[in-house]
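K.L.:
Heads up, here are the entries from TrEMBL:
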- 47-296: domain 'G-protein coupled receptors family 1 profile' (DOMAIN)
- 33-54: transmembrane segment (TRANSMEM)
- 66-84: transmembrane segment (TRANSMEM)
- 104-126: transmembrane segment (TRANSMEM)
- 172-193: transmembrane segment (TRANSMEM)
- 213-235: transmembrane segment (TRANSMEM)
- 247-267: transmembrane segment (TRANSMEM)
- 279-298: transmembrane segment (TRANSMEM)
Amino acid sequence: TSHSEGMPGINCTQATEFSLAGFTEDTATQVTLFLLLLLTYLVTILGNLGMITLIRASALLHSPMYYFLGNLAFVNLCTSTIITPRVLAGALLGKKGITYAGCMAQIFSFGLFLVTECFLLAAMAYDRYVAICHPLLYPLAMSPECCSRLVAGSYLLGLTNGMGQALGMSSLFFCSSSAIDLFFCDISVLISLSSSDTTLSLVILRTSSSLLGVPSLLVVLVSYVAIISTILSISSAEGKRKALSTCASHLAALSTFYGPLIFMYLIPRSDTSRAGDKWAAVLYTVVTPMLNPWIYSLRNREVKEAWRRLRKIK
């Protein structure tokens, strides 16, 4: 809870370090979690780096969809690297502290890549919309210049969000005993911990999630409403199946990304019912970046074919 006293009390010194709560105090469970997280992180790095390399190396995959996918893989690598190594070090060495500067850096970079991913997923939904609803316009609408602009715009909006969140954090004051009940620095948790007036930070947080999160989600929803109505108007069952299969991977990626995010940030809850937050956060910070490359490669004939051709060359 925040006390609206513009200045912190006399007996309160600004925290230079925060303590991040782990998942459990039990040593055996901690070891199991460490190994699971380490495995997940290694799979994330391998999967996403593999995807980026394959897309660059294979002429088969030089299309808008894979251009977006390569950027998504890069963003997933960054999101995972901002958080997981720190959690691993904490579990292994029992170090729970994170400096104020470290926390600021985490909030800025996580805010940047989270919103970048929102807009990349929206760009991919738009790409599927043009491909299915306006195939004749596709080469024009998804020209290399247009794709570059969509990707650059995604990173720019992500940067805006990162800066906004860091700004919101910089106006907060924390008393020295600042324990964060999460495994990384999350702005919404920090706002509830602050001992200063949190109005500005809350306004920044709500504004950025409304101005950045909502439009990207709307693009996805509108694109899919149009896609589904087009698919339903296709007369042949084979045509329907083909059109749906080009969207299946993207829909799977969308649900693993937006599901936990909506649970974490958009569903109102009392402070006592935040127990599920940790696991929702694990989903979108650790699990989703690992799943994305596999979601796209396992169901995708083009990706499998590109792998086969590369192996033949070698």
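Backbone N, Cα and C define each Cβ position, glycine as well.
Heads up, TrEMBL stuff is auto-annotated, nobody curated it.
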K.L.:
Can you tell me which of 213-235, 247-267, 279-298 gets the most C-beta pairs within less than 8 Å of the transmembrane segment (33-54)?
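P.N.:
Answer, by Cβ pair count: 279-298.
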K.L.:
Quickly jot the same-chain residues contacting the transmembrane segment (279-298) by Cβ under 8 Å, restricted to those at least six beyond its ends, or write none.
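P.N.:
Same-chain residues near the transmembrane segment (279-298) but 6 or more away: 37, 40-41, 43-44, 47-48, 50-51, 69, 72-73, 76-77, 79-80, 83-84, 110, 182-184, 186, 249, 252-253, 256-257, 259-261, 263-264, 304, 307.
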